[in-house]
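What Swiss-Prot records for this protein:
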- L122, G126, H127, L128, S355, P356, F357: (6S)-5,6,7,8-tetrahydrofolate binding site (BINDING)
- H229: site 'Plays an important role in substrate specificity' (SITE)
- K230: N6-(pyridoxal phosphate)lysine (MOD_RES)
Amino acid sequence: MFSFEKNSLKNTDKEIFDAIELEVKRQHEHVELIASENYASPAVMEAQGSQLTNKYAEGYHGKRYYGGCEFVDIAEKLAIERAQQLFGVDYANVQPHSGSQANAAVYNAVLKPGDTVLGMDLGAGGHLTHGSKVNFSGKIYNSIQYGLDENGDIDYEQVAQLAKEHKPKMIIAGFSAFSGIINWQKFREIADSVDAVLMADIAHVAGLVAAGVYPNPFPYVYVATTTTHKTLRGPRGGLILCNNNPELAKKFQSAIFPGIQGGPLMHVIAAKAVAFKEALEPSFVDYQKQVLKNAKAMEKVLKQRGINIISGGTSNHLLLLDITNTGFSGKEAEAALGRANITVNKNSIPNDPRSPFVTSGLRIGSPAITTRGFKEKECELVANLLADVVFNCGDEKVENETAAKVLDLCDKLPVYK
């Protein structure tokens with residue numbers, strides 16, 4: 001028998017307790033600019049930390065291989081219904097443990113090993129699971145990669161040419177570091193021309209799509225995958241969506257279970273349901289609109305400070321910065337900004353001469369700081385502070401002065417009250 005007091009984390013494992021406390025402190029004291037990160041609400045975290053973690057529930061709601069699933073069934077059913085409502089679709093699978101798992105399931109459902117897949121090149125802003133040679137998607141399947149044109153937009157002419165030449169079975173429209181807007185209709189026209197399945201990976205923009213401030217990939221795509229954190233502000237997890245295609249939906253269902261997963265994480269699914277409910281509130285639309293405004297505010301200042309932005313700017317929540325002209329690498333800038341209490345990630349830029357472990361760029365985004373309550377004024381300040389550090393990496397005085405300003409800003413707008 002457990003006692004919530006006697007068997008608390010603090011009493012049971014002081015090392016892990018202290019590590020968590022330090023991370024809580026870091027989140028409070030640092031400005032979070034990593035585009036793929038966000039802050040989950042107390043309600044989401046409460047659901048994820050619940051006793052639902054104890055329940056095994058192989059199968060799907062109403063069709064389990066274990067007894068005692070009547071209450072976790074409620075959680076999964078709510079998560080599915082809310083996801084369907086949020087994205088306007090008739091099928092949602094809430095069981096994928098991650099976005100990569102969701103993508104792997106789609107591959108398994110519609111392709112055979114060796115089939116050709118056309119996706120965005122990692123160096124141009126794509127994701128590992130879009131055909132990178134170091135990933136399963138580039139090892140099991142014949143991966144062909146497209147990139148950006150001279151204006152920093154997706155090179156649709158190249159996509160069409162590669163599709164015509166290689167006849168892919170599936171085309172992936174999506175990204176990990178692209179600040180533009182995807183033309184779903186154009187992708188569908190190209191996919192139809194070679195009879196390919198069109199998949200959208202909306203992991204980065206799912207919240208924007210749900211709020212109606214970024215184009216919805218439906219009805220143009222056969223299937224969409226996403227993570228449930230990032231702009232959706234839920235727990236870390238994955239999601240598969242499709243509409244008006246029961247045959248494909250059946251394949252996705254079996255591709256997850258028993259295809260690549262066993263027991264679902266019911267505590268995470270409950271947390272997803274909570275996040276979807278929050279995203280259905282009118283305030284979520286206001287939040288996503290502010291995400292876009294804040295990204296634009298940072299864009300304006302960074303351009304004024306002489307930092308080059310790939311694609312010329314941003315039309316979503318993220319900015320990919322080319323910092324070559326600063327004389328410092330992405331690795332150096334990431335470390336310097338970290339010392340100044342600004343968290344970013346180094347990122348390759350198109351045709352980057354440096355390795356992915358060093359890079360010539362930084363990727364930043366506005367979702368987390370917007371959740372924190374930052375508006376345009378604060379984002380302009382943050383962009384100026386970022387520029388101060390990036391042009392002076394290693395300058396202890398600049399880094400310390402910046403850290404002090406960041407701490408003051410963070411104290412005024414805490415993540416959790």
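From the backbone N, Cα and C atoms, a Cβ is placed for every residue, glycine too.
Taking the recorded positions K230, F357 in turn, the residue surrounded by the fewest other Cβ atoms inside 10 Å of its Cβ turns out to be F357. It is P356, among the binding-site residues G126, P356, whose Cβ has the fewest other Cβ atoms within 10 Å in the structure shown.
Just so you know, the Cβ of L128 ((6S)-5,6,7,8-tetrahydrofolate binding site) picks up 16 other Cβ atoms within 10 Å once every protein chain is counted. Every protein chain shown contributes to the tally, and the Cβ of S355 ((6S)-5,6,7,8-tetrahydrofolate binding site) ends up with 10 other Cβ atoms within 10 Å. Listed recorded positions: H127, H229; maximum Cβ neighbour count within 10 Å falls on H229. Site extent for (6S)-5,6,7,8-tetrahydrofolate: the farthest pair of Cα atoms among L122, G126, H127, L128, S355, P356, F357 sits 16 Å apart. Rounded to a whole number, the C-alpha distance linking P356 ((6S)-5,6,7,8-tetrahydrofolate binding site) with the residue listed as 'N6-(pyridoxal phosphate)lysine' is 22 angstrom. Distance from the CA of L128 ((6S)-5,6,7,8-tetrahydrofolate binding site) to the CA of H229 (site 'Plays an important role in substrate specificity') is 18 Å. Neighbours of L122 ((6S)-5,6,7,8-tetrahydrofolate binding site), defined as other CB atoms within 10 A of its CB across all chains, total 22.
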